[in-house]
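**Student:** Found this in TrEMBL, in case it helps:
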- 1-40: region 'Disordered' (REGION)
- 25-40: compositional bias 'Low complexity' (COMPBIAS)
- 64-88: region 'Disordered' (REGION)
- 133-154: transmembrane segment (TRANSMEM)
- 161-181: transmembrane segment (TRANSMEM)
- 187-206: transmembrane segment (TRANSMEM)
- 218-237: transmembrane segment (TRANSMEM)
- 243-265: transmembrane segment (TRANSMEM)
- 277-299: transmembrane segment (TRANSMEM)
- 311-331: transmembrane segment (TRANSMEM)
- 367-384: transmembrane segment (TRANSMEM)
Amino acid sequence: MSPSPPAPTLRLPLRPAPLPRARARAPAAAAAGSSPSLALAPSSRAAPLLKPLAPYRQPALLLHHRRRHGPPTVAATTTSKPALKDPKKYQEWDSVTAKFAGSANIPFLLLQLPQIVLNARNLLAGNKTALFAVPWLGMLTGLLGNLSLLSYFAKKKETEAVIVQTLGVISTYAVLVQLAMAESMPVPQFVATSVVVAAGLVLNFLNYCGWLPGTVWLLWEDFITVGGLAVLPQVMWSTFVPFIPNSVLPGLISGSLAVAAVAMARMGKLSDAGIKFVGSLSGWTATLLFMWMPVAQMWTNYLNPSNIKGLSAFSMLLAMLGNGLMIPRAVFIRDLMWFTGSFWASVLQGWGNLACMYCFGSISREFFFATTSGLLLWLGFTFWRDTIAYGNSSPLTSLKELLFGK
């Protein structure tokens, strides 16, 4: 066992302190039969020069550990990853992946802007009935997912992902405002949504800047955890409503279980692993909400193949690009949840719908094979470049670290 590194030294004053003289008298006191501990004990007038710091204990109420991810220093890098060969390449890939994640805003904005412009034209023309074709419940589900992921990335201090989710919240809320103006969305639901959006944006901004008390943040995380767990099973159930009875029981049951789990975690009735699991539910439920959207779309394509002609290949390509640009960052920081959501959406929501369109003759063979080749090359480039940054022997090592941890 190697010796521990020496403690940092202190610069003492030139004048000797009383403590060395007390230590000098210790052998004499021990020889006289007195206890060494009594000889070394400080007097009532003298105080010890150094006191050991009391260990800090994390309160049991906290469901999450706040941490900040930033460009690692060389010392921190060598501690967490001893096999790192070139810290410069690591930092370069760190910067590049952050830029990739930030550039995902472009395809996502292009994906939402046409709907906003079309709704505005219909409102100006007095054609409010056209806006009833946009399901406000589906938009509300996506908005809740954006808010949950915004909280997740704000806690991790992932700036680029925070911007992506913030723009997602704002653009989706803009569509809901248009639906409310067209009287497609009920007023009480719109008012409640507006309050939640305003509170979510303010709280996430304050938490990102470090200005929010931990208790307030915990209450917000409890809210989005319960809301996400109540919405997810209901959305999944509603997808197959033509073949199963229409019911709100899935949402009520899962929401009740979520309230019970959060309450037990806050009261300290769960183990550390249970508290950690409850703390991760909000992020995973938001990811699963977005993962379910392409499944619902492909199920609709299966039931009504004629609807495929109404899909836009350009929109599917933008969805694949936007999610694909965030994959390198998720792989780099070893965030399995982020990688799962981005990979799933890029493959199913983007490429999967393009595959359906190709099978039914909506797009050309050249377009489909070009997008397929581009996606495969991008995934290969991501893991190859990550392997170089971490100094791994093969891309499989990076994939193993992503799935199972370092």
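Indices start at 1 and increase along the chain as displayed.
Just so it is clear, glycine is given a Cβ too, placed from its N, Cα and C backbone atoms.
Just so you know, TrEMBL annotations never went through curation; they're auto-generated.
Fair warning: this is a prediction, and the values are worked out from it, not measured in the lab.
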**Student:** Using a Cβ distance cut-off of under 8 Å, indicate which of 161-181, 243-265, 311-331, 367-384 has the most pairs with the transmembrane segment (133-154).
**Tutor:** 161-181
**Student:** Using Cβ atoms and a strict cutoff of less than 8 Å, what residues sit near the transmembrane segment (243-265) while being 6 or more residues removed from its termini?
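**Tutor:** Counting only partners 6 or more residues beyond its ends, the transmembrane segment (243-265) has Cβ contacts under 8 Å with 63, 222, 225-226, 228-234, 236-237, 274-275, 278-279, 281.
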**Student:** Check the transmembrane segment (161-181) against each of 218-237, 277-299, 311-331, 367-384 and return whichever range has the most CB pairs under 8 Å.
**Tutor:** 311-331
